[in-house]
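> Okay, handing you the structure first.
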Amino acid sequence: MRVGVLTGGGDCPGLNAVIRGIVRKGTQEYGYDFVGFRDGWRGPLEGRSVRLDIPAVRGILPRGGTILGSSRTNPFKEQDGVRRIKETLAKNEVEALVAIGGEDTLGVAARLFTEHGIPCVGVPKTIDNDLSATDYTFGFDTAVGVATEAIDRLHTTAESHMRVLVVEVMGRHAGWIALHSGLAGGANVILIPEQRFDVDQVCRWIESRFKASYAPIVVVAEGAMPKDGELVLKDGSTDSFGHVRLSGVGEWLAKEIEGRTGKEARTTVLGHTQRGGTPSAFDRWLATRFGLHAIDAVRDADYGTMVALRGTDIVRVPLSEATAKLKTVDPALYAEVGVFFG
Ligand code: F6P
């Protein structure tokens, strides 16, 4: 049996570990062979593939990014997209497809399976950790680690100059990276998209921190927004999803803080450093297990499913669940960390 593999959407540390897990188990235990499609759904659309065998996956476990390349191409938005994908699969004699991706990539896999009978298995990935069907996505732990290290470093420079340091982290519409890295890094204020913030309250926390003779660190998620009427964000440019770009809140907030408190403030936008580089040990562990279980789903012909982490178990859930609901930060959890603010 020949299995196709592709990685779609924003890259994420651990993608190569999934590919390696799939290829190693599939080859050694089930005698399958593999075709890797280049650049997400663009690969099967354009008939671009590479050979995926054990030598091809040697040494890739600690490497960030994806050896297959990625894109946010959606075949349902392309002329004859589904027909072209079917043709490529037939030409390559691919009998099953493992799609590793986030909401968009898995949404395509779900539709290809339910509407067109293409045998797909999904593996969830995103540094944002916002897929409700799984307890954690790989990439998240690495991103939190990068952000935490940055916050640790920013404490000492903030203290030296007695400045406010605003750190803007990724996460799109969810505050998971901000919450986890802010707590781990001992931030004095954490702002998340799930709850609009009050700039005056932020300034009060900052002032109380200065009163205690410490310099404040504010972690703000890129999707966080102040209360109504306080801000018109951005220049209206869009990200590769076509969403209005959210980043910029950190810069805006630092200016507001300076204006309202008279304290000097600086902004650090961590951006894609959170997605690049080697995956953490946890992400290698999770991604590898996802790969091993995805190829088991193929062996069982359990198509239309996605692997997911529940507790410490890897389970299978319908692919449609992957995209059903965004997992956001619960207000009670956010309230819990509020004890450290100020
Ligand atoms: O979904 C992952 C993510 O890194 C988000 O945190 C961020 O908003 C977005 O992707 C950035 O997308 P791009 O790499 O297309 O700019």
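Each residue, glycine too, has its Cβ placed from N, Cα and C.
The domain 'Phosphofructokinase' feature in TrEMBL is assigned to 2-298. The diphosphate binding site feature in TrEMBL is assigned to Gly10. TrEMBL lists Glu103 with the feature Mg(2+) binding site. The site 'Important for catalytic activity and substrate specificity' feature in TrEMBL is assigned to Asp104. Annotation source TrEMBL lists site 'Important for catalytic activity' at Lys125. Marked as substrate binding site by TrEMBL: Thr126, Ile127, Asp128, Arg163, Met170, Gly171, Arg172, Glu222, Arg266, His272, Thr273, Gln274, Arg275. Feature annotation from TrEMBL assigns active site, proton acceptor to Asp128.
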> Looking only at Arg172, Arg275, the binding-site residues on record, which one has the least crowded Cβ, with the fewest other Cβ atoms within 10 Å?
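Result for the binding-site residues Arg172, Arg275: minimum number of other Cβ atoms within 10 Å at Arg275.
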> So which of the recorded positions Lys125, Met170, Arg172, Arg266, Thr273 sit close to ligand 1, that is, with a CB under 6 Å from an atom of it?
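Those recorded positions that pass the cut-off, since their Cβ is under 6 Å from ligand 1, are Met170, Arg172.
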> Please report the three-state DSSP label of Thr273 (substrate binding site).
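Helix, per DSSP.
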> Would you measure the largest Cα separation among Thr126, Ile127, Asp128, Arg163, Met170, Gly171, Arg172, Glu222, Arg266, His272, Thr273, Gln274, Arg275 for the substrate site and round it to whole Å?
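Max Cα-Cα spread across the substrate binders: 33 Å.
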> In whole Å, how far does the CA atom of Arg275 (substrate binding site) lie from that of Glu103 (Mg(2+) binding site)?
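Approximately 17 Å lies between the Cα of Arg275 (substrate binding site) and that of Glu103 (Mg(2+) binding site).
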> Between C-alpha atoms, which of these recorded positions comes nearest to Arg266 (substrate binding site): Gly10, Glu103, Asp104, Lys125?
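Answer for the nearest of the recorded positions: Gly10.
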> How big is the Cα-to-Cα gap, in Å, between Thr126 (substrate binding site) and Gly10 (diphosphate binding site)?
8
> How many Å lie between the Cα of Gly10 (diphosphate binding site) and the Cα of Arg172 (substrate binding site)?
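Between the alpha carbons of Gly10 (diphosphate binding site) and Arg172 (substrate binding site) there are 12 Å.
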> Using DSSP and three states only, what is Asp104 (site 'Important for catalytic activity and substrate specificity')?
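SS state of Asp104 (site 'Important for catalytic activity and substrate specificity') = helix.
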